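One structure is given below, encoded as structure tokens.
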Amino acid sequence: MSELTVTLLRYGFLALLWVFIVAIVMSQGRDLAVDRRRRNKGGGSGAAAPQAPQQAAAAPQPPRQLPQSLVVLQGPTSGRTYQLGAAPVLMGRSPESTVPLEDDYASGRHARLFPQGSRWFLEDLGSTNGTYVNEQRLTRAVALEVGQPFRVGKSVMELRS
Amino acid sequence: MTTPAAAPTAPTAGSSASSAPVQRRRRLTELLLLVVAWTIGIGANILVDPEQASSEPAHVYRSAAVLIGGSLLLHLVLWFRARYADPYILPIVVTLNGLGIAMIHRIDLLMDSSAGTNQVLWTAIGITAAALVLLFLRDHRRLRQFTYISLVVSALLLVLPLLPGLGTEINGARIWISIGARTFQPGEIAKITLAIFFAGYLSTNRDVILLAGPKVGPVRLPRFRDLAPMFAAWLVSIGVLVFQRDLGTAILFFGLFVAMIYLATGRLSWIVLGLLFVAAGGVVASQTFGHVAARLDAWWHAFDPAIYDAPVGGSRQIVQGIFGMASGGLFGQGLGQGRPDLVSYSNSDMIITAFGEELGLIGLSAILLMFFLLISRGFRAALGTPDGFGKLLAGGLASIMVIQLFVVIGGVTRVIPLTGLTTPFMSAGGSSLLSNWIVAALLLAISHSARRPVVTGPASAEDIAEFEAHEREEQERAELHETERAERAERRRQRQQAAEARKATAESKSSEAQS
């Protein structure tokens, strides 16, 4: 091989490495922008669902105080009330959970409520049947408003201040 | 617990509870990138010695067959089993593996050894293992059931090299087992099982660890009993590694431990505590273990002639590696043009300096960026997957790679003392290659569940049917379990009755004999 080919191959190989990297970076651009659409909408952090526009309009400012209690509206344990502190709450059939659900449609460790600032966030823990807010299955943690019902298995619950 | 397979329907527009953008499958992107990866990997194998490649092409054909065939196999498996898996992980891994094979082969040509053939063989084994993982692990959450089994398996794997007869000591570290003529490092597999254990344990207990326990100043300490299994795991790994005298792996396990606690709790105090532990451990180790003190000297006074010329534990290896990288400069000597064989272990621990010498700063930073992209894809999978276990597992596996790269590249560039660890996917070494391919497969499986669209809105009749079938299955399993238990109880009762009867007859006999 001539000197020229060797040099060309040498630099060509380095260039190819970088072409590979640039190709990956360019094509993953959209994938890395996790949630641009939502962020642009501004403040639509899950509570302002289409079915509850009045609620969202009535309470544009989140209440200062963390909601204090969790009420089970429907389901096998309906009527029960749980006092919430500032600790995360685990909901599920497993005995270790803070809010045990005697519900065949709930998973052992179904969902989790955790406080953040002055709001409670609801997060599904990879349950079999999902956690629903406004008939929408959760794919990520969302903020819950007071009086907004959510469904875990067959149980429907809501937060009260 | 398995999720009813989600039908790929787009989420309703405007739903804010679930408006994560629908990911495209991008399997074609993967295929295109794979073509580039093959060009790089096989091109490197030819470029290291074009004349040899044309006169004796066996090695090039072998590695091309394994790289192309293996990645096509994995690509097909992904098509059928994990259609939404991350499209970048596989091409990056294939590229790194191909580059590693090329460099090992290149050093073989100089040293007259056969590590390259071995590496190609282990690549094939690794790819097969990855394909099997993807085929049989339909849902990564199933691994969670093996939380405590993984702890036991990790402990066993770590103890194996200490057993007389099975364990083999190489270069003062007792981390190999020999089966026949081959050696294997069980610790490489243990890092995966430990990550599974940490992920399973922490995803269950993180709230307890976070909230219960006494508060000392601004730091809330977890209760001891919540952390006891974690510390057991930690003690097992550290204790065994003190006996095996392998500093690199000890740092890797401890780093994994700290990283996963941090990932689970989000408390910076764990990192601070961990660094304090490492500092304290380092001081103790350098006072007690001669080889650790020698490593520290070789790092700190690397250019001191007395230490450079020391027959054992000198700094010759590090300094030669640095000279190699210096001679590489910006563009490198060109593949096949340098002298990486001057550095000892240039095809395993020091492979990064060999690349620095032959590809220069530009090529080495390209390699580092590929690792960076690979790790960022791992963390991306962790961010995307909905379940806590998967998040922690993907984060932990990516952290393993980060720590490993930091320890080995920091070591060869004299940022930290050199401790022997492998560069993932590149260094010669079958066990490391196998375990890294399994890690890649797990990341692919988790990224599939991260990018897969979920059904939203009210459940369809189909979903309900599927769910009921699942319930029935569970019920049948429970009934089966119940009948088995009843049978066992029945058998036990019969045994007891028989034993009592026997005892009674024996007693009556003895009383007869007495009378």
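Placement of Cβ uses the backbone N, Cα and C atoms for every residue, glycine included.
According to TrEMBL, the feature region 'Disordered' maps to B:1-21, B:465-515. Per TrEMBL, the feature transmembrane segment maps to B:31-48, B:60-80, B:87-107, B:119-137, B:146-164, B:249-265, B:272-294, B:359-380, B:392-413, B:425-446. Annotation comment: TrEMBL describes B:467-490, B:500-515 as compositional bias 'Basic and acidic residues'.
Residues 27, 30-31, 34, 37-38, 41-42, 45-46, 53, 90-91, 94, 97-98, 101-102, 105, 116-117, 120, 123-124, 127-128, 130-131, 134-135, 444, 448 of the same chain, all 6+ positions outside the transmembrane segment (B:60-80), place their C-beta atoms under 8 angstroms from a C-beta of that stretch. Taking DSSP states H, G and I as helix and E and B as strand, the compositional bias 'Basic and acidic residues' (B:467-490) has 24 helix, 0 strand, 0 coil.
Within its own chain, the transmembrane segment (B:359-380) is flanked in space by residues 86, 88-89, 92-93, 95-96, 99, 325, 328-333, 335, 352, 394-395, 397-398, 401-402, 405, 409, 424, 443, 447, 450, which lie at least six positions past its ends and keep a Cβ under 8 Å from the stretch. Taking residue pairs at least 6 apart in sequence, the transmembrane segment (B:249-265) and the transmembrane segment (B:425-446) share fewer than three C-beta contacts under 8 angstroms. In summary, the transmembrane segment (B:119-137) lies against the transmembrane segment (B:87-107): three or more C-beta pairs, each 6 or more positions apart in sequence, are under 8 Å.
Non-local neighbours of the transmembrane segment (B:392-413) in the same chain are 140, 143, 191-192, 195-196, 198-199, 202-203, 248, 251-252, 255-256, 259-260, 263-264, 318, 321-322, 325, 349-350, 352-353, 368, 371, 374-375, 378-379, 381-382, 385, 419, 421-424, 436, 439, 442-443, 446-447, 450; each lies 6+ residues outside the stretch with a CB under 8 Å from one of its CB atoms. Residues 26-27, 29-30, 33-34, 36-38, 40-42, 44-45, 47-49, 59, 63, 67, 70-71, 74-75, 78, 113, 115-116, 119-120, 123, 335-336, 340-341, 346-347, 351, 354-355, 358, 367, 370-371, 373-374, 377-378, 423-428, 433, 436-437, 440, 443-444, 447 of the same chain, all 6+ positions outside the transmembrane segment (B:87-107), place their C-beta atoms under 8 angstroms from a C-beta of that stretch. Below 8 angstroms of C-beta separation, residues 172, 238, 245, 247, 251, 254-255, 257-258, 261-262, 310, 312-313 of the same chain, each at least six residues beyond the ends of the transmembrane segment (B:272-294), sit close to that stretch.
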